[in-house]
Amino acid sequence: MTPATPLNLLISNDDGISALGIRTLANTLAEAGHQVTVVCPDRERSATGHGLTLHRPIRTEIVEGIFDPRVTAWSCSGTPSDCVKFALSAVLKERPDFVLSGINHGSNLGTDVLYSGTVSAAMEGLLEGIHSIALSLADYTSHNFQPAADFAVKLLCQLMEKRPHWAIANQDAPVLLNINVPNLEKEKLAGVKITRQGLRRYIEQFQKRQDPRGKTYYWLSGEVIEELPQPDEPNIPLDFPTDVQAIAAGYITITPLQYIMNDLHRIQTLAQEDWQI
C-alpha cells in the first residue's frame, strides 16, 4: 500500500539492532515510501521497562549494512527509552510523524506493558507529544515478522485517512497504540479488534544454579497463567474484550494506552475521608 503522503518515522525496539523484527519493519516501511530512521539498543534490552541510563556514558554509532540503504540506522548503548530520547534530541532534524517500536519477538499483552521495553520506547514518544505505536508478534517461536510489518504499513495509511475521527476533541492529542499480531496466516486471522488492557500473570520461579567457578546465581523463569479472569473496567463497556481475550480468539489487537495512571475510583473514595497530619 503506497502512502498518500510519505511519513517521517522513528523506529526503536528492545530486542536490539540485529533483531529480525526491527529489520523487517524498517525495510518494509522504507519500501512503502516512508522516511525511516532507526535508533535502537546495541544489544538485547527486553523487560527493561522505562529505565534510563544515568551516571555513565551512552555510546552511539551509525550502523551500515543491516538495513535497506534508504534507512538511516544508529545503535545506542542505552535502554529503549534512552534511544528515543537520543533520537529526538540529537539525530532527527525534524519531529517525526510517528514513533514505532518493534516488531517485538513475543507478545506484550495485559500487564506485560509495565515491564516491556518495546512499549516503553513508544511511551517515550507519547511523552514527547508524538503519535506512537508498539508492535509485537505474539509468538516466541515464530520468526515470520512480515505479516506484522505489512499490517503496520496498512495501519499507518488508515490512521492518516481516519485522522479526523480518532483525534481527541479535534485537538489531535497524541495516541499510543499497543498492537499484538497473532502468528496466523492472513486468511486465518479473525480480524482487527480494538481492545482494553487486560491482566496477565505468570507462574514465576527463580532457579538456583552454579557457574563454572562454583558461584551461585539465579535464573528467572515462568509460564503464563492461561485461565486468568479478566478485570472489568468501569469506564469501558464490557463488550470491549481485553487484549488477552482477543489475541486468543485470533484477532490482531489494538489497545490505546496512556501514561496517566490515576485510579479515579480510589481518588473519589479516599477524598471523602478526613485525613490527619
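For all residues, glycine too, the Cβ spot is worked out from N, Cα and C.
The divalent metal cation site in Swiss-Prot is built from ASP14, ASP15, SER46 plus one of ASN8, ASN27, ASN104, namely ASN104. The Cβ of ASP15 (divalent metal cation binding site) lies under 8 Å from the Cβ of GLY21, ILE22, GLU44, ARG45, SER46, ASN104, HIS105, THR118, each of these being in the same chain and 6 or more residues away along the sequence. Remark: ASP14 (divalent metal cation binding site) has CYS40, PRO41, GLU44, ARG45, SER46, ALA47, THR48, PRO80, SER101, ASN104, SER116, GLY117, THR118, SER120, ALA121 as non-local neighbours, by Cβ distance under 8 Å and separation of at least 6 in sequence.
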